[in-house]
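Here is what Swiss-Prot records for this protein:
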- His116, Cys224, Cys227, His228: heme c 3 binding site (BINDING)
- Cys144, Cys147, Lys148: heme binding site (BINDING)
- Cys182, Cys185, His186, His315: heme c 2 binding site (BINDING)
- Glu230, Tyr231, Lys276, Gln278: Ca(2+) binding site (BINDING)
- Tyr231, His279: substrate binding site (BINDING)
- His290, Cys328, Cys331, His332: heme c 5 binding site (BINDING)
- Cys297, Cys300, His301, His407: heme c 4 binding site (BINDING)
- 1-25: signal peptide (SIGNAL)
Amino acid sequence: MEKKLKSWQGWLLFCGAMAVVFVLGLVVSSLMERRAETVSVFNNKRVEITGIEARNEVFGENYPRQYETWKETAKTDFKSEFNGNEAVDVLEQRPEMVVLWAGYAFSKDYSTPRGHMHAIEDITHSLRTGAPMDDKSGPQPSTCWTCKSPDVPRMMEAIGVDSFYNNKWGAFGSEIVNPIGCADCHEPTNMKLHISRPALREAFARQGKDIDKATPQEMRSLVCAQCHVEYYFKGDGKYLTFPWDKGFSVEDMEAYYDEADFADYTHALSKARILKAQHPDYEISQMGIHAQRGVSCADCHMPYKSEGGMKFSDHHIQSPLAMIDRTCQVCHRESEETLRNNVYDRQRKANEIRGRLEQELAKAHIEAKFAWDKGATDVQMAEALKLIRQAQWRWDFGVASHGGAFHAPQEIQRILGHGLDKALQARLAISKVLAQHGYTADVPMPDISTKEKAQEYIGLDMEKERKAKDKFLKTIVPEWLEKARANGRLAKL
């Protein structure tokens with residue numbers, strides 16, 4: 001005989017089913033509302049944008065939520081144990097770096113990076129870009145603008161890529177005026193992610209890859225890889241090029257540069273032909289566990305947020321440590337304190353090796369100069385200079401990637417460890433050269449305990465540099481901005 005449900009059990013089952021249907025209805029309704037709001041955003045644009053629109057404020061008319069969070073990249077109120085979003089004078093913290101960059105503009109000025117909204121201001125105020133008083137003077141090429149503004153692809157389209165690169169930095173001061181923003185990463189009509197800089201596309205092509213076949217998730221990293229990479233200025237035309245032809249590793253790129261017989265500069269003390277790493281964030285991140293598991297840059301640096309029923313990417317691009325609840329804890333269940341300390345532990349270990357490497361490498365440069373002064377020959381110094389080049393390339397590659405100690409901690413420690421080994425080998429090679437010239441005592445070391453003392457030691461006239469920059473900022477930059485406003489390059493909303 002079949003067992004019948006009691007009356008109250010039937011009613012309980014009925015009510016439970018109704019509750020499930022009700023909840024599902026709410027979920028579907030919420031999803032439909034979100035979709036409707038998303039469609040509404042695209043169908044009710046206040047401004048029709050076509051072509052390359054460099055003025056971020058114009059995009060803000062159509063996408064106010066994204067725009068308002070992007071403006072927060074102007075903030076300088078976050079600080080972690082090793083990084084943050086305010087400009088900190090790294091040369092003041094680590095005066096050995098002045099010696100490592102002797103003969104190169106970075107020995108004058110190097111600070112931690114601020115947010116994207118400061119891109120134009122920071123490069124304009126940097127002592128590295130000099131004080132050009134006209135379109136034809138100054139120490140830097142216009143290639144230095146490449147990653148600073150959506151005005152760059154606009155200018156490339158207008159005058160050609162080669163012509164853009166093959167100019168002085170000061171030549172486009174009145175054109176490159178809007179900081180890193182919307183058009184750098186998005187198509188204007190549908191906001192689809194796109195590649196706006198030629199170097200990344202060209203690097204893929206040389207590897208036999210079609211970047212247009214990248215998945216949407218891959219694009220959430222590749223738009224960052226347009227700039228957060230290692231690159232160099234190739235040839236007299238200063239053509240921006242990624243040295244990826246042999247691979248992503250520090251050894252692969254070194255082999256590429258060696259084959260091309262390339263050096264960024266000749267060191268003022270040691271005479272070593274130095275490679276200056278830029279910021280190989282993308283390459284190093286690809287060697288880490290997160291990228292290998294399919295996590296993109298935007299997943300951690302631009303997490304989703306909800307507002308008014310609308311889900312969108314937070315365009316306040318910053319360290320995930322500033323918002324652990326929306327980044328790390330989306331996947332990891334540990335406490336904020338535990339996760340933060342996990343990051344710091346990796347960074348502390350890498351920085352321990354970094355500090356030792358900087359000290360040994362600075363001594364190697366100083367000792368090499370001492371050997372030259374004692375009459376060393378090119379043949380005698382060849383091995384030491386090769387080792388110095390290799391050591392400094394590994395140091396800079398590891399240090400220039402600001403998040404490398406977290407993105408790929410094992411790889412960063414390997415790179416810095418190899419750099420330290422080569423720096424010590426260089427010092428040993430120099431000691432043998434000195435012995436050949438009858439010198440066996442310790443090489444006297446200058447006082448480079450502060451940035452100012454180190455800059456004086458390598459022969460910089462910093463007062464002259466600052467005075468020239470001050471004049472440039474007070475006379476030339478206002479002219480650039482006035483011309484930009486007159487030509488409609490800055491928004492008037």
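Cβ from N, Cα, C; glycine included.
In the three-state DSSP scheme, His228 (heme c 3 binding site) falls into the coil class.
Across the structure, His186 (heme c 2 binding site) and His228 (heme c 3 binding site) place their CA atoms 17 angstrom apart. Using a 10 Å Cα-Cα cut-off around His116 (heme c 3 binding site), the binding-site residues Cys144, Lys148, His301, Cys331, His332 reduce to Lys148.
For the heme c 4 site listed in the record, the two most distant Cα atoms among Cys297, Cys300, His301, His407 lie 12 Å apart. Max Cα-Cα distance over the annotated heme c 5 binders (His290, Cys328, Cys331, His332) is 12 Å. Ranking the binding-site residues Lys276, His407 by C-beta neighbours within 10 Å puts His407 at the top.
The binding-site residues under consideration are His186, His228, His301, His332. Their Cβ neighbour counts within 10 Å are lowest for His332.
Cys185 (heme c 2 binding site) sits 13 Å from His228 (heme c 3 binding site), taking the C-alpha atoms as the reference points. For the binding-site residues Cys227, Lys276, Cys300, a Cα-Cα cutoff of 10 angstroms around Cys147 (heme binding site) retains Cys227. For the heme c 4 site, the Cβ centre of Cys297, Cys300, His301, His407 serves as reference, and the other residues of the chain with Cβ at most 8 Å from it are Ser221, Cys224, Ser285, His290, Val295, Ser296, Ala298, Asp299, Pro320, Gly403.
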